[in-house]
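Here is the structure we will look at.
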């Protein structure tokens with residue numbers, strides 16, 4: 001039997017066990033692999049079982065038994081495909097041992113011996129490193145040299161250490177610098193600063209991180225705390241106390257005591273202390289303690305060791321209540337000299353600014369310096385200063401700082417849409433006294449990248465007068481930008497480089513205030529020569545990176561008054577005489593309209609006079625009269641009321657012609673009626689005579705339709721519709737020569753000519 005599986009899209013070797021005789025094989029591979037924590041919707045494909053006895057005729061059935069068979073793993077009995085039914089956890093069970101068998105599907109007789117194989121759960125990185133023994137406690141002697149061993153931490157990762165980097169752990173120190181360091185591979189913690197003094201600081205708390213995937217991006221991490229204590233060593237000799245005052249003593253605090261002894265008691269022993277004016281007396285004041293009559297020296301002004309290291313002054317002690325009887329014994333007071341030494345206090349570094357603000361554009365490459373902080377030690381020792389970023393203010397390590405220079409740089413790409421502002425804290429530490437630190441807030445603004453180029457603020461409608469002068473500003477325009485508004489946003493305008501020398505008509509002048517103007521380079525523009533000019537303009541912003549675009553301004557040449565006011569820009573005005581006013585143009589247009597109206601009325605009257613007037617007889621029901629209120633074009637509707645076809649089936653409908661449609665071809669002669677109807681001929685003749693002599697015929701068009709025209713009429717059809725003769729008395733073709741404005745009139749009266757010809761033919765027939 002053959003076992004085949006796929007792992008990482010690679011086909012692994014197969015085990016061939018065809019029959020009992022084939023037992024010598026150079027290698028054996030009987031493992032399948034399935035990915036743990038599989039989240040797909042379909043069962044996960046594991047592998048395929050196949051025997052060479054299977055010819056593809058569905059005669060072989062595959063069975064599966066062992067750990068998880070049926071509940072976790074299933075097999076297709078026909079194809080031998082194995083699938084995992086649910087998600088598996090390698091840390092819960094790393095592998096499953098199963099047995100496969102190929103049997104005859106009809107008899108269930110085994111075709112091959114049962115074979116055993118293993119399905120191994122392939123590991124993914126789903127467990128973070130853990131410090132099982134944390135938190136840790138450790139100690140190291142004070143004043144130890146750099147690199148002294150402190151302790152070792154160990155993190156355990158439950159992932160498979162034999163596959164990939166899921167269990168490869170790297171150690172780093174998050175908090176505790178610059179006092180201690182950790183080896184990234186072994187987790188050994190050592191001292192990183194020399195001469196750490198227990199008398200200055202005894203306890204230290206160090207935060208250690210363990211990250212899998214070799215510390216690469218995407219790895220999982222765990223942390224632990226290491227509490228380190230500096231053990232004492234004999235590094236201080238015995239010393240007598242001195243009258244010393246720290247320079248950091250507050251104003252108004254007691255910095256020393258002095259006492260004058262008086263052998264009297266009670267009220268007579270009360271003492272008053274005063275400072276004798278002189279060297280150092282102005283820095284201090286003295287008061288008396290009423291309970292023990294001590295003189296308490298009070299600091300009046302701040303001390304500075306770097307300015308003055310010692311002060312010497314005298315103090316007088318006298319009785320508060322003198323007895324005049326004993327004044328001849330001498331002065332009732334005593335004087336003592338007081339010397340106060342100022343102790344140098346190791347002060348933390350001082351930043352040159354109370355806070356820092358920095359700007360950086362999004363998607364700036366990692367490692368780009370965005371600014372720097374500066375701090376200095378004001379003490380006499382002037383210790384070097386080291387810088388670091390408080391890890392609590394930058395959990396994701398977006399920024400890095402140079403420990404010596406104080407320059408801050410990006411550690412990865414920043415996204416303004418995710419975080420628009422970062423607030424980090426920079427720590428300054430004195431190199432010779434690491435316990436003295438100072439902090440400063442640094443605000444980093446992530447700026448939006450300039451993504452959109454500027455464009456013209458609106459589609460400007462610009463014109464230039466024909467009488468414009470050279471150097472005249474004819475249009476002022478501005479620009480807009482879709483990017484976020486920035487303080488001090490500036491646009492610049494200019495003509496394209498290739499257009500500067502070619503364009504002799506206009507140029508662009510940048511006013512420097514986000515606006516620009518179109519300036520003429522010559523005078524004497526003429527619409528007859530060119531009506532429209534196109535002027536390209538290049539607009540550029542001051543964003544990062546700078547963006548630019550080219551817009552086009554359309555300039556139309558117009559007629560203007562002498563004072564520059566606009567007259568007209570229409571194309572028709574170009575052909576009018578120069579100097580005509582607006583009133584004169586309006587009068588000319590009115591005259592043209594009146595003439596057109598007169599012509600239309602005249603032609604309409606002539607047409608009415610010549611049109612045949614047909615009146616219908618109201619006594620005969622065979623008359624079908626259709627009356628129209630408008631002239632021409634309406635006779636086509638009479639087809640709907642033609643009763644001739646209904647009364648005489650022999651009338652051919654195809655031979656009827658409408659008066660409002662010009663015939664396209666000559667009509668064949670109408671056939672003569674085949675029957676003789678004298679009564680109908682008499683009726684028609686009577687009607688014709690009545691119409692010929694009727695002076696009361698209506699002035700509008702009328703059509704008389706007769707049911708039958710008679711048998712064997714020599715004149716053929718007596719209807720005006722059938723006439724093809726054309727009356728040439730009036731020819732309106734000259735209207736076509738008047739131009740496109742009279743095209744409609746020419747079409748109307750040209751059609752009228754054809755109508756009059758039909759009418760003439762009918763009269764001749766009568």
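Using N, Cα and C of the backbone, Cβ positions are placed for all residues, glycine too.
Note that TrEMBL annotation is computational and uncurated.
What TrEMBL records for 51-131 (among others) is domain 'Cadherin'.
Summarising the annotation, TrEMBL assigns domain 'Cadherin' to 132-240 (among others). Helix, strand and coil residue tallies for the domain 'Cadherin' (132-240), in that order: 3 helix, 44 strand, 62 coil [DSSP].
Per-residue confidence over the domain 'Cadherin' (237-351) averages 80 (mean pLDDT, predicted model). The feature domain 'Cadherin' is assigned by TrEMBL to 237-351 (among others).
Summarising the annotation, TrEMBL assigns domain 'Cadherin' to 352-456 (among others). Using DSSP to sort the residues of the domain 'Cadherin' (352-456) gives these counts of helix, strand and coil: 3 helix, 52 strand, 50 coil.
Taken from TrEMBL, the feature domain 'Cadherin' applies to 456-575 (among others).
The transmembrane segment annotation in TrEMBL covers 574-605.
Secondary structure of the domain 'Cadherin' (51-131) per DSSP, as helix, strand and coil residue counts: 0 helix, 35 strand, 46 coil.
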